[in-house]
Structures are given as C-alpha cells and as structure tokens.
Amino acid sequence: MDDAAIAKAAAPRHAASVQSRKAMANARRRMRAGSPPGATPAGFSLPLVLAVSLRRLARHGIAAGPLDRSSLIAAGVGGIAYFALACISLALSQAGQDISPIWLSNAVAVAVLLRVRLRNELPFLAACLAGSLAVNAVVQLPDRVAVTYSLANLAEMIAVLVLTRRVGRAPPDMGRLADLARFVWAGGLVGPVLSAAIAAPVMGDTLAAWRVGAMSWFLTDCMANLLIVPTALLVVDRVRGKQQRAPAQPLESAALLVGGMVSAFLVFHQTHYPLLFLIQPVTLLHAFRLGSLGTALNVGGVALVAGAMTFMGQGPIAGAQAGGLAQLHLLQAFVAANFLTGLPVAAILAGRDRMLARLATGKREIDLLADTISDAILRYDMAGICTYASPSCQDVMGAPPAAYLGRHAAARLHPDAQERVEQAIARLLGGTSERERVTYRRLADSPDGAPVFLEADCTVVRAPGSGLVEGVVVAARDVTERVELELLLTRARRHAENAARAKSEFLANMSHEIRTPMNGVLGFAELMLQGDLADDQRRFAELIVQSGRSMMMLLNDVLDLSKIESGQFAIDRAPVDLHASLAECAALHRPAALRKGVALDLTCDCADGSECECAARAVWVMTDGLRLRQIMLNLIGNAVKFTEAGQIRVSYRVTDEELRVTVADSGIGISPLQLETIFHPFTQGEGDIARRFGGTGLGLSISRQLAGLLGGRIEVESTPGEGSRFALVLPCATAPQVPVPRLPATGTAPLATPLATAPTAPTLAAPLDPARILLVEDHDINRLLMTEMLERCGQEVDVAHDGNEAIAMVIDQVMRGRPYDLVLMDVQMPECDGLAATRAIRAEGIGPGLMPIIALTANAYAEDVASARLAGMQAHLAKPIDFARLVRVLQRWLPTRIVEDEASGGALSPPPRAALPAAARATALAASPQLIARWQARRAETVAAVETALAGGLLGAARMDGRDGEPPQDSLAFMLHKLAGTAAMFAEPALGSAAAALGHALVQGEDAARCTALARALLDQARSSGTAPAAATTTPR
C-alpha cells in the first residue's frame, strides 16, 4: 500500500504514509540548499501564484462587502464544520482502506456559499482555510505540505463558486439543465483539476507520483462535489418552496427511493454477475417520477450502498481483479456515471415541465383575452383564408367563428364593402402596406334591419426569423354609433354650410336690394338740393339725405357684424401709411367736434413719452388699412358723440412689439359695470344714455371683433364724469413705403382705393370736357338717376341694359372708330353680370389704359373689390352714389385735370389720362389681336357678299329680298357701311372708300353698270391689299 500513499488521501488523510515522509525529507534538503519552500521544479512561487489568482477571482464572484455580524458568525460556524467534515472524511479512509473515497469539506462549503449569500464571504473562506490547516496539523503533515494542500482546497472552492455563479443573475438552480451543466463543468472538472494541479507537486519527487496523487485527488473531490452540492441545493430549494413538486405522490416517492436502494443492494450483494447496468434504468425512473431532488437522493443512496458493499468485499466492483486504489476509482466512476445518467435527464424534464407550464399559462391568458376582448380577432394566411376566429366574432361580426374558419376574407362581406376590403388585404399581402384601417358595412344587419358598421385594423404578421409575410391579423369592432354620429355631423355640417351660404347670399341680396333703391332716394334728393327750393323744402330734402345715410350706416354695421360672426370676413394686409390714415379719420370727425366746441388733436407719442411732429414721421405698417380706418372711425366717432366739452386726443406709438393707437376724451365716461357690456352687440350702457345720444350699439362690438381679426385687442379705461380712454393694440409689422400708383397707358391698371372713403371732394377748376360714357345698369330708376347726374356734368351718355348689350355696344363703337371714354358698369345684373362683361371686353384687347371701367356695386367689401380688380375694372363706386363722388370719378378717369381743395390738405391724386382724339384711340385699339381677327372676319364676310351679289346679277336692280343664300341689297349696303367705317382703323383706307362708294350707289338705286363697276373696283382693292392688313401703330398716351 506504500505506492497508493502518494495519492491525495494517502498524504493528508493517511498519517502513516511512507511516501509523505520521503517527500518532506526532500523538501528539507531543498531548503538547506537554499531553495525557498513552496518552489516548484519549474521555479514558480506557489504563494505568489495563489495570491494573484485569489485576488482576481475575488473580483469576479466572491462577495467582499462590509463585515457584519452574520458574516463573522457564518465564518466561525463554517470553520468548525469544515474541520469536523475533514475529520469524518479521514475517518472513512481509516475504516479499512488507506484512501478516503470522498472529501466532504469542500463540497459542503461550496453548497453553503451557493445558498447562503453573505455580505462578505472572505471570512468564511478564511475560516475554511484555517480548518484545513488545523486538520493537516492533526495528521502531523509538514508545514509546506499542509499549506499547499489547504491552498489547493481554497482555490477549488473559489473556482467552483466563481464559475457556477452568474453575475447579476439569480443563484444557480440544479433543476435547470444550463445551471447543472455549468456546475458539472466547474465542480466536476475545473475545480478539482485546479486543486489537484496545485497539490500534485508536493505529493512526491517523480512524475508517476504526481500523476497517481493528482488522479486520486481529482476523483475524490469530483465525487464529493457531484454527490453533495446538487443534492444540498435541491433540498434547500424544496424547503424554501422554490423547487417544483414531482409528479409522484409522497407514497410513490418513498417507495421509489426505497426500491432504488434495495435494487442497488441486490446488485451489490452478489459477485458472480456484473449487473451494474441494472442501476441506470432505476435512476431514469426516478428522474421521470421524482424529478431532480428525488434523482439526487437516489444517486446518493445508491452511492452509499455501493460504497458500503464494496468496502465489505461484496458486489461486482469488489469481485473485479484489481487493487484497492483501482477498486476505489471504479466505484467513483460508477457513481459519476449514475449521476450523469439521472440528474441531466431530470433537469431536462424539469425544463420541459416549466416550458409546458409557461405555454399553458400563455394559452390561458390568450384564451382569456380572446374570450373577454370586445373586438373580433381573425387571422388570414397568404391565400386570404381565415385560420383563426375569436369567440367574440358572434357579437361583433354577427356570425359564429365557424362561419369564418377556412373561408376567404371576401366570403362574408357586404357588397358595399367588397372592393375596399379586398384592396386593403391586397396591399397588406403584397407588401405595400404594413397597417390598414377600413370602416365598412357588415354583411348581417341588426335584428331591426338597421345597417351595422365595423372598423377593422389590419396588421401584417411576419415570421420571427426571416421577416417574411405570413398573413394578416384583423381586429374588428362595432362602430355603428360612431358612424351614425359622423353621418349626423356631416349632415349638420352640410346644413350649416348651406345655412352660411344662404345667409351670405341673403346678406348680399339684402345689401343689393336695399342699396339699389336707396341709391335712387339719396341721388334724387341730392339733385333736388342742387335746384331752387324753398327753405322748408330744402330742410326736408336735407333730412331725407341725412336719414338715408344713417340707414346706410346701420346697414353696413349689421352686414359687417353678420359677416364676422359667420367667419366670412376677409382681412387684406398691405402697407398702410399710419399717420395719413389716422389723420384722415380725425379730419372726417373734426367738423362735428368743432360744432360742439371740442378740440380734436392727433399726436405721436415718442418712446420717451414726449410729443413730436406727426407730419415729419413716415410710419408704414403692414395691416388692413380699410379695417384700421373702420375701427378708428368708430372709436373717434364715439368720443365725439359722448363728449360735450373739453378735448379729444388721438395718439399713436409704434414699438418693436406693438402698435398702440389711443383715443382719450373728456366725455361722460363709463361705469365699471358697463366696461364689458359695451362691447356686446346692440348695447350702449344705460338706457337713458341710449335715448340721449342715439345709435345702435354695434360700433364697439364690430371694432373689437375686427381688432381680433387683425391679431390685436381693444383696451378701455374710464371714470364716470371724467372721460374714457380706448386703446387699439395691434402687433407691429413695419412695411416699406409704397409709392402712389400711376395709371399706365396700356396694360392692366390697378384698382384704385374705394372712392367712397375720400376725405374731401375735389373741386372743378373748369367744367369737364364733354366725353362719351357708356352706362350699364339694369335698374330703370338708377339708369334715370345716373343719366341725369352725368348729363348735368356735361357728358354724352349711352345706356346698356345688361352685360351682353354692353359688350356689343363697346365693340361696335370701337369698330366704328368712336370708342367710349369711360364705362360705368353695374356689377349685379341678370344673364351677364358686370364682371363677366368686363372680362369679355378685356379679352377683346380693349385695355384699361384706353377704356377705363368703373364698377357700380352695392357690395363694397374687400372681396368684392378684389373680384372687380381681377375682372379688369379700375375703380368702384359703392351705392348709394352721391353727386360729389361721381364728380370725383369723372375727374379721376376722364381726360381732364384735378385740383384738390387747398383747405383739405389732401395729397394730389394721380394725374388723369391724357386727352387723345377718338380717332387716335381707335387706331390704338386696332392693335388688339382680337379686334384684328374680328376685322378680318367682317372684311371676308363683306367681300364674299359682294362677290355673291355680283355673280347673281343683283346689283343695280330694284330693291327686293334676296333669293335663298343671297343677301338683299339693303343688307349688303349695311355691311358695306360698317366696312367703310372701320377699314381706315386697320390701315385700309382705300378699301373703306370703295365700300362707301358702292354702298352709296346701292342706297341711291343707281343703274346696274355703275354698281357693277364699283363692285369690281372694291374686289380689286380687296385683292391688292391682301388678307392680313397691318394694324396701325398705337399712339402713346
């Protein structure tokens, strides 16, 4: 047995080993020779290697937190237990063999540390090291050998702990195959190999001694780790309730465990037959029925029975022809094989059970979701066939799931939804879309016959690995109530739009229908005032004019308020001269203020609060000038109305952030309770104030809403009896100065500022030159009024009743060479309105520089002005039209000159059109391609008629109607007359003379020879002049 003493158990765990004494003697000789203790033949320092290894391992899996009481208590208990288990292991080797079959201390220590996590495990490991040193001292090993063996045990424990633990994860579970495999690799291979490699150099002086000792050390520690650690961990997990229970009942479990040990006893009770293979099926039975814990207990029990029977000299292993060390190795290999047969299978089965449990839980959750979800869930494959339908299909789709399974998606669709649903599914399956939402009508209506609408969210399903489209999942829900609400909202919106459109049309018609008769009332009243009237008659006429204008102001306010409330009020932002606009508003109300003895001043507040000369400041802002003036006229007008004495101060200030215009008065003031209500429509504060001062109470309401549309607000401060202070605050956006527009000679002239807002009336320096004016008006009273006004201005007036007649008269007069100097065009007329007529005239090449067109309209809103501009008009007169504004229009657009009233301080208007003879303007108009084409058609028609009459011998005969297809002589004479009047405009005066001569001969009834000669002369002239006469060059104006 001396050779076997080299093994691990024979050196530290067998006190009488001869080889150990030889090894210690050799060590002492090396020390005397100068070699340091612990030096290996290769020259490495084992303590240094171990220190570095321990330090690195401690950073990767050993707890090294602060020391606490539990860590110290565990260290004390662990050290004593380690010493006791080491003594038991040595006792097993002394029971009849020189070799210990199992080393319990390391395995138990590892099991404890894997389940009892300490804040600091270093004291526990140090205690285990101390216990190992103590047991080696008990067996009287040399110091060097004792230290080396203890360090080997410590390195094994640390390696197994570090490799078995998973950083940041839960403790290892021996019921999981991955954790079990990691422990078998660490505790059954790496740890024992590392420990044996450290201990082998002190087991002898030869490689054979090292090999034998390392093998014994490895098998001893491997067997202990495999048998003790998994079993201990599984028992602790079962006690803690973390280990799932086995399929077998307790009675069956006890019977299997007892039966396993009995089977092992029967196999090892005889030595005639090698029946060790019968143990593995029993172990597998334990794995299937008892799980990991039952299998571990069975493996341990079988190992205990096999070891005891083998040490007693019974069983197949004892009967083998081998020495004591060989029998030990065979026993250890049998136990390891039995372990590797049962525990991995049990772990695999446990993993399968866990997987099945998760699948069952997931299925229950899915079933619960599918059974309780309100949406109907359907899945379709790539062919559009339904492969799954949830139970909720009965409630949502109106049919059981079986009605959809195995059928195409289009099989149960309403005809109204067929195309949309099929297109959506085609896009999804074709890869052009990932999600689709379709709202459609269900195939089955509700029990009461009402349609049911569904909303389906369709999503593509892709394979997890390849990402290929596998099908479509549809989640459908009943949205009938929402669809009905949407339909109601759509109908309500349509009704609202129709109502708004009707309201807009009503407002426009009301404006037109009221302004049209008021135009006659005010116009004729002003004409009466120009005549010789008695004093009382003059006062009555003035009251008529004043009342009419008050009514028009009320109408304008009502229309403005209605358009604002209906959202149809347009804002037209453009550069505005702020000072000029405010001065204009102040000038309009200054006469009324002066009549009351109230001073009305306009000032500009500088940044420092001082006043400056407003006229020296040219401040241009970007806003709607018309609405700005409307607001300021209301504010200044209210200040004048409610101020009996004192002054009214209008001031403005422009900063980088805002524009503030303030109107401060010394009037009656407003009580605090009325400060908000004054902005309500038809509200004027107290009733006695309304009766005293009059008015409708719309001005402030409209002004505040207009300020909001401009992006600003109106602020008010007032003290009863002391006055009020209204401030218009707008966002400031400065603009470059815009030059006053000039009327071009040709092309499209811009639409002038509405003439109704001119501050003062220009006066005639001399009577207007007579001009030819075309008045286009469908209302007979307005025609009479406008004709009378124009004739009093000394103008020649032609009248057209509608747009079509106006187009014909304009073109006819142009073709005759006598174009009109000005056209006054009513906008609203039956059949062809003024805008369409203007567009047609401009399309004929008659530009605004040669024939201005002024709109006569009862609608004076910004959008109406813009429409007139787009149609080709140059200005507009808003009805009712007074005589002064008509005069200003004539002065502005007829060839005369304008002198402003010096007292008004107004700026000069753009210069008027240069006066040109009618022939020159006609020649300029002849440059129009449209008129040239019309002339060519008239010329060809007349020449063809002459040729027909000449060929038929009708010239010079008695007057008679023409035969079929032949023109009568009177008609031919009329055509020749028109040709003669226009030929000179198109550079063919000779042709015009020939046509005039022939026409005169036909009218006078001259003989046929004379008429035939004149006809031939005309045809020769037509051929010689060609078919494309050159247009005259336009004379510049």
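All residue numbers here begin at 1 and follow the chain in the order shown.
Cβ coordinates come from backbone N, Cα and C, glycine included.
Curation plays no part in TrEMBL annotations; they are all automatic predictions.
These numbers come from a predicted model, not from an experiment.
TrEMBL tags one of the stretches 288-309, 574-595, 860-881 as transmembrane segment, and that stretch is 288-309. Looking at 38-58, 458-478, 920-940, the range tied to transmembrane segment in TrEMBL is 38-58.
With respect to Cβ pairs under 8 Å, the domain 'Response regulatory' (772-894) is most closely packed against 509-734, considering the stretches 362-432, 436-491, 509-734. Other Cβ atoms within 10 Å of the Cβ of Asp826 (4-aspartylphosphate), summed over all protein chains shown, number 28. Taken residue by residue with DSSP, Asp826 (4-aspartylphosphate) is part of a strand. The stretch in 70-93, 215-236, 288-309 that contributes the largest number of Cβ pairs under 8 Å to the transmembrane segment (330-350) is 288-309. Within the domain 'PAS' (362-432), the DSSP-based counts of helix, strand and coil residues read 35 helix, 12 strand, 24 coil.
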